[in-house]
Amino acid sequence: SMPAAGGGRAGSGPLRQRGARRPQGAPPVSALASRAPAGWRAALGLVTLLSFASRFHRLPEPPHVCWDETHFGKMGSYYINRTFFFDVHPPLGKMLIGLAGYLSGYDGTFPFQKPGDRYEQHNYMGMRGFCAFLGSCLVPFAYLTVLELSKSLPAALLTAFILIFDTGCITLSQYILLDPILMFFLMGAVLSMVKCNSCADRPFSASWWLWLSLTGVNLAGAMGVKFVGLFVVLLVGLNTIYNLWDLLGNLSLSLVMFGKHFLARVLCLILLPLTLYVAMFAVHFAVLNKSGPGDGFFSSAFQSQLIGNNLHNVSIPEHLAYGSVVTMKNLRMAGGYLHSHWHLYPEGVGARQQQVTAYLHKDLNNLWIIKKHDSDTADLLDSSSPVEFVRHGDIIRLEHKETSRNLHSHQHEAPLTRKHFQVTGYGINGTGDSNDFWRIEVVGRRAGKLIKVLRSKIRLTHVATGCILGSSGKTLPKWGWEQVEVTCTPYVKETPNSLWNFEDHINPKLPNISLDVLKPSFVEILLESHMVMIRGNSGLKPKDNEVTSKPWHWPINYQGLRFSGVNETDYRVYLLGNPVVWWLNLFTIGLYLLIAISTAVVLKRGVQLTSEHKGELSRVVLRGGGQVALGWLLHYLPFFMMGRVLYFHHYFPAMLFSSMLTGKYWMLGEGEAETRTENCAVLDGHFNSSHSFYLFHPLSYGMIGPMASDPSSPMAGLRWMDSWEF
């Protein structure tokens, strides 16, 4: 697709390979590389039209919330309303969804409470249409990538038709989700990378700078939508290292010129993406300036920035006193508030007493009353009685305000953390025993000093056992409402897990001070938000009745995901790949890996090959095909090492690479006239994928009537695997 003019002659450019030979009369390498097959523009128009038609067909249906639209649609509303929230992914995808909704007239008032809620008069089409637009762009991106790698029009067309007729790609593109946005930037980065590689014989030209810069922009976009964008960053990074290593071995290239190449890549592939990524968060924090459901995940200092938060522009008593009602926040990232509720620990989990946990949201069950260890403090709330401050080293009791039980520990083992002690709520109306006594200590202070709200880092040492109150960071099972475990650790060590600060402070007898001094810097906010996101990602657990899956399920199309509907009268949508497409991709991956291993063995055994055969092997196994296969591996294998909950849709970025590998592998020509066999193969591939799409298209566009398990269902004969639940 690049013009030959100005491309340089063979042997004249800095990237000439030493010792390379080409047959007499053959065109120069750069000219060959820049030659695109005739008719590629018309074919691009055709596949783009089909892609948009298939993604926008029946887009308004069903007119209710489907699957994760309940999350990402709601988050788009939060941006429109400027309400702060917490999510485990970076902000770009949700910001773009919110912007699409705002520009299309959506007012941000739909609650997105649960799947199945009807949109009624609310304008949801702008957000769905935006995602469908980006999902439609994947087909022309893949077409152009394979065309650039192979210079074979049938290969590019086969890839395009595989993606056009894949029911899974259609379904994933038609709803308010992050996946089409992520895959748009991912494929944009891959296309830009291969385009930049094709300009290698004319470095520092306008087209070279354009594609290098676009690669960086798309890397920032992929990382800004989901952290799995890191996989495409790794792919581009390995490609860049390979290119620089190749340049370093080119003795005709001066070290000064090599330094320029190196700095250009640092500028476009590191500094530019990093700047854009940080800018996304700057916009994110500037827009979400109102208090919302995500406040409790962040530190007290961060919350003081949010309009409407109880710490924003507020004045509270500065020093802790007996009789005060307080909340205590753990200092580890996303550590939560000290919390209790009426529920007891289950049988067999320590003593069957009231649960004490750390809770990430603001709640009345986070309130505690500070009392003296040896007397009641009811008289201290009398307006005529003198104020008595809590001091460093005092022994206190903490009574839970809602249930009137005391914070308590004993030598029963904690629920999850071995060798730590259980923490419970104990006693009746504040009357308990000596295991309710805690020594309050301020880090770095001398005995007798007053304790400051928000600023003082305190630890609570259990008087009877000597253990220290802390949050382990582990998520309790369903009996603990999936809140965070609180333990008493006998190991005395200074970590954020065992440190707390007092956040809310209610005492009408004390004067108030302003909290403006708490404002954190942008860098502190940025670091804190990433720590909270990383911890949130690792702690994700499946929701009730939700179909999770294992990575080995994905390439074989073992099990889909129910997007909408559960019975005969519902409008049912089911995420499942086109079986013919997915099994062809799987076969191709296996064949490619077999050839790659065989090639490695042949070369290791020292088999003598002609330069022509070596060039052919290099082209099939390494160039182009190797890049695409590496992309598939990088976007698939890491999921086997992840501890978080996984779903079928996580495989779709890898599926894009397997589809490109199928197109490139089955049409191996590189600019030469395609044979009759290749034309038959591409027609056969198009027919099979389109016929399979005709059979399975109701999965994407909606089914009503008997379930496939009913013999009278029109889908009954299509349930080729028992694990398919449509």
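Cβ atoms here come from the backbone N, Cα and C positions, even for glycine.
What TrEMBL says about this one:
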- 1-11: compositional bias 'Gly residues' (COMPBIAS)
- 317-373: domain 'MIR' (DOMAIN)
- 387-443: domain 'MIR' (DOMAIN)
- 448-505: domain 'MIR' (DOMAIN)
- 1-31: region 'Disordered' (REGION)
- 84-105: transmembrane segment (TRANSMEM)
- 125-146: transmembrane segment (TRANSMEM)
- 153-175: transmembrane segment (TRANSMEM)
- 209-236: transmembrane segment (TRANSMEM)
- 266-287: transmembrane segment (TRANSMEM)
- 580-603: transmembrane segment (TRANSMEM)
- 624-642: transmembrane segment (TRANSMEM)
The transmembrane segment (266-287) vs the transmembrane segment (84-105): 3 or more CB pairs under 8 Å: yes
Interface-richest range of 84-105, 153-175, 209-236, 624-642 toward the transmembrane segment (125-146), CB pairs under 8 Å: 153-175
Stretch-level contact, the transmembrane segment (153-175) and the transmembrane segment (624-642), CB cutoff 8 A, at least 3 pairs: no
Secondary structure composition of the domain 'MIR' (317-373) [DSSP: H/G/I, E/B, coil]: 3 helix, 28 strand, 26 coil
Rounded mean pLDDT for the residues that make up the domain 'MIR' (387-443): 92
Beyond the flanks of the transmembrane segment (209-236) by at least 6 residues, Cβ under 8 Å: 89-93, 178, 181-182, 184-186, 188-190, 192-193, 195-196, 199, 264-265, 268-270, 272-274, 276-277, 280, 533, 537, 627, 630-631, 634-635, 638, 650, 653
Structural state census, the domain 'MIR' (448-505) (DSSP three-state): 6 helix, 27 strand, 25 coil
